[in-house]
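Written out below as structure tokens is the structure these notes cover.
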Amino acid sequence: MPPVPTERDLRLDLFRGLALWLIFLDHIPSNVVSWITIRNYGFSDATEIFVFISGYTAAFVYGATMRDRGFVVAAARVLRRAWQVYVAHIFLFTIYMAEIAYVAASFENPLYAEEMGVFEFLKQPDVTLVQALLLKFKPANMDVLPLYIVLLAFFPPYIWLLLRQPTLALFVSVAVYAVAWEFGINLPAYPSGHWVFNPFAWQLLFCFGAWCALGGMTRIGDIIKSPWVVSLAILYLIACFAIVLTWYVPPWTRWVPKSLAEWMYPIDKTNLDVLRVAHFFALAVLAIRFVPPHWPALKSPWLRPAVVCGQHSLEIFCLGVFLAFAAHFAMAELSDGIPMQVFVSVSGVVLMIAAAALMSWYKQIEGRHSGSRSKPTADPAGSSS
Amino acid sequence: MTRAVIALLGLLLAGPALAEPELACQVPEGLVQADFAMPRVADAIAAKSLEIAVMGSASSALTGTGGASKSYPGRFEAALAADLPGVTVRVSTYAKPRHSAAEMQGEIPAILSAQKPALVIWQTGTADAIRGIDPEDFRFALDEGVEALRKGGADTILMNMQFSPRTESMIALSAYADAMRFVALQQSVNLFDRFAVMKHWNEAGVFDLNAATKKMDMAERVHECFGRLLARLVLDGAALTRQERKAND
């Protein structure tokens, strides 16, 4: 078995915290602030970062548990985590129902007779609620946690394999991805269609993150930092940026060769298009190259807010989804002008930071009471409670 | 002084009355313009008879008295007839609530044989998004439908969803909007970007789309603008055809 690194990499918390902010900003519709998020400058978005780092930290924490205390204990902890995510998802669903029921009862406009159809499901709660509990009915923007639940549920055997045959484990993940693409495999959704984030495709990033955490990073570290790979990553990012520009300036579409467009489009998010994966890898290569693991700024007060958010990812993710609902609600009820968009965006991020700081504080005071029960080096913050 | 007050009152009274007939349907440069030629429309205009079909779901119709003439297909017909004197313009509407793109695709043969339209405006997307239909299935239906329309001798304009700020966080439209843009480019047909147009109107304060109301007046004015913009797009496409033909001669 390869040695499992024991020191927590603050870069992961930093980037996961940033990803959580970006996911929040992207979830507020018609928000001018969301122009700063990475999805507007390339193929991938914050979801890729979140899933990859979640896989990395999950393997980091539960890999150590499995090595030290065996399969059963580690599997039990992973499944408990999956259960917590499930409960969090249902909690968010309840908030969503409250908002949608309010809008359904209070909003009326003959122009939007068709859009009011989205409230139809309120008429048959017997079906809708059961389908929601089965994770088949998932309202807009509530697709990431169900993905996370499924990934965690299948994670224990995967860590088991990773600890013994890391290369084989990576191969299995790529094979599942390829088979899902080849045969169009996805989980069914209600009332029709499939999951917005296909778990059979998105597991690739989660499992790759896990592979990196359990020794893969040391194996490919030198390749990633080679000037060739770094230059290739930069070139690819520039090319993606150029393509994305044509989405916003339609006349420039003419400059994209038709054969390239036919080969490239549509860039599928549901099935995690290879172009998206490549874009994420390119970003990751630059992050690893230019942000060293012991960069002093990682411990500076300036980056502290993002790091703290990243250390409480599940809670802050859920809070972000809730705050995005609340922000949209405030924009619809009060004003949807640019000052309001900036206001709800900034105050949302501030609230996320405040909540994360509060949770850190709780952890601190509880840690003092329970003595040295948990070692700081194996701090499972963000991936286990 | 009294005269000034009367003049001011007059202005206040005349202000809205003057503004009323001239609707601000303005959209940014390039948002509503024909990227592709419409040869069948150009031929039909030359033949002095333009048959058009609008195929869509609930947002292609307004309910209430006179809904048919006040919804955008009716306004479009009126605008086009005014712009094309001497040409008989007829717009028929096939709008069914909750109809998905695939279901509309199934009706294309019937529409083609009933009417022989030179142009079909295909409004879709919202119903599919609400019903959670696979974006990929949506795209296939659209692609095959546009192909069938072309073979049946009709030009196509795809019309995407309405921008609805109240339900924006509840209906995930983007995958369907992307699919429509993709099919429009692949098949070289024009896309009427209703979403972007309405979003612009909301941001510019032309229409307050957040307003909760039972009254029809705003909906009617919005549809009037759709009708005018569509007429502009069609004339643009016909002009583009003539230009291309001249260049080829």
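Yeah, the Cβs are placed from backbone N, Cα and C, and that goes for glycine too.
With a cut-off of 8 Å between Cβ atoms, the residues of this chain six or more beyond the transmembrane segment (A:49-65) that come close are 4-6, 8, 12, 15-16, 18-20, 23, 73-74, 77-78, 81, 144, 147-148, 151-152, 155-156, 159, 162-163, 202, 205-214, 280, 283-284, 310, 313, 317, 378, 380, 382-384. Residues annotated as transmembrane segment in TrEMBL: A:49-65 (among others).
Residues annotated as transmembrane segment in TrEMBL: A:86-105 (among others).
Long-range Cβ contacts of the transmembrane segment (A:145-163) within its own chain (Cβ-Cβ under 8 Å, at least 6 residues beyond either end) map to 1-2, 51, 54-55, 58-59, 62-63, 66-67, 71, 74-75, 78-79, 81-82, 85-86, 88-89, 92, 135, 138, 169, 172-173, 187, 195, 197, 199, 202-203, 206-207, 210-211, 214, 317-318. Summarising the annotation, TrEMBL assigns transmembrane segment to A:145-163 (among others).
What TrEMBL records for A:170-190 (among others) is transmembrane segment. Within its own chain, the transmembrane segment (A:170-190) is flanked in space by residues 127, 131, 134, 136-138, 150, 158, 161, 196, 198-201, 203-204, 207-208, 211, 216, 270-272, which lie at least six positions past its ends and keep a Cβ under 8 Å from the stretch.
For A:196-216 (among others), the entry in TrEMBL reads transmembrane segment.
If you look up TrEMBL, you'll see A:228-249 (among others) marked as transmembrane segment. Residues 40-43, 255-256, 264, 275, 278-279, 281-283, 285-286, 289 of the same chain lie 6+ residues outside the transmembrane segment (A:228-249) yet bring a C-beta within less than 8 angstroms of a C-beta in it.
Taken from TrEMBL, the feature transmembrane segment covers A:274-292 (among others).
Residues or ranges marked as transmembrane segment in TrEMBL: A:313-332 (among others).
Here TrEMBL flags A:338-362 (among others) as transmembrane segment.
Using a cut-off of 8 Å between Cβ atoms, the transmembrane segment (A:313-332) and the transmembrane segment (A:274-292) share fewer than three residue pairs, counting only pairs 6 or more apart in sequence. Beyond the ends of the transmembrane segment (A:86-105), by six or more residues, the same chain brings 116, 118-119, 122, 132-133, 135, 139, 142, 145-146, 149, 314-315, 318, 321-322, 325, 329, 332 to within a C-beta distance below 8 angstroms of the stretch.
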